[in-house]
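Chemist: Grabbed the feature section from Swiss-Prot, which reads as follows:
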BINDING   HIS22, HIS40  bacteriochlorophyll binding site
TOPO_DOM  2-23  topological domain 'Cytoplasmic'
TOPO_DOM  47-51  topological domain 'Periplasmic'
TRANSMEM  24-46  transmembrane segment
Amino acid sequence: MADDPNKVWPTGLTIAESEELHKHVIDGTRIFGAIAIVAHFLAYVYSPWLH
């Protein structure tokens, strides 16, 4: 197996592939965060003991 100079150790991904993967991870984190903020707001609004 020849070493590919474009692959980055230890993942074996190229820089472009790793940047694309990172973009998807960050997008997923933002979506999760937005859902969590909405869920916490709804829990605050509909929980009488939090007022």
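Cβ coordinates are placed from backbone N, Cα and C, and glycine is handled just like the others.
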Chemist: Ten-angstrom check, please: count other Cβ atoms within 10 Å of the Cβ of HIS40 (bacteriochlorophyll binding site), all chains counted.
Modeler: 10
Chemist: Around the Cβ of HIS22 (bacteriochlorophyll binding site), how many other Cβ atoms lie within 10 Å? Please give the count over every shown protein chain.
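Modeler: I count 10 other Cβ atoms within 10 Å of it.
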Chemist: Under DSSP, the topological domain 'Cytoplasmic' (2-23) has how many residues in helix, strand and coil?
Modeler: 9 helix, 4 strand, 9 coil
Chemist: Could you tell me the mean pLDDT the prediction assigns to the topological domain 'Cytoplasmic' (2-23)?
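Modeler: Averaged over the topological domain 'Cytoplasmic' (2-23), the predicted model reaches a pLDDT of 85.
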Chemist: With DSSP assignments reduced to helix, strand and coil, which class does HIS40 (bacteriochlorophyll binding site) get?
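Modeler: The residue in question, HIS40 (bacteriochlorophyll binding site), is helix (DSSP, three-state).
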Chemist: Please report, as numbers and ranges, the same-chain residues at least 6 past the borders of the topological domain 'Cytoplasmic' (2-23) whose CB is under 8 Å from any CB of it.
Modeler: none
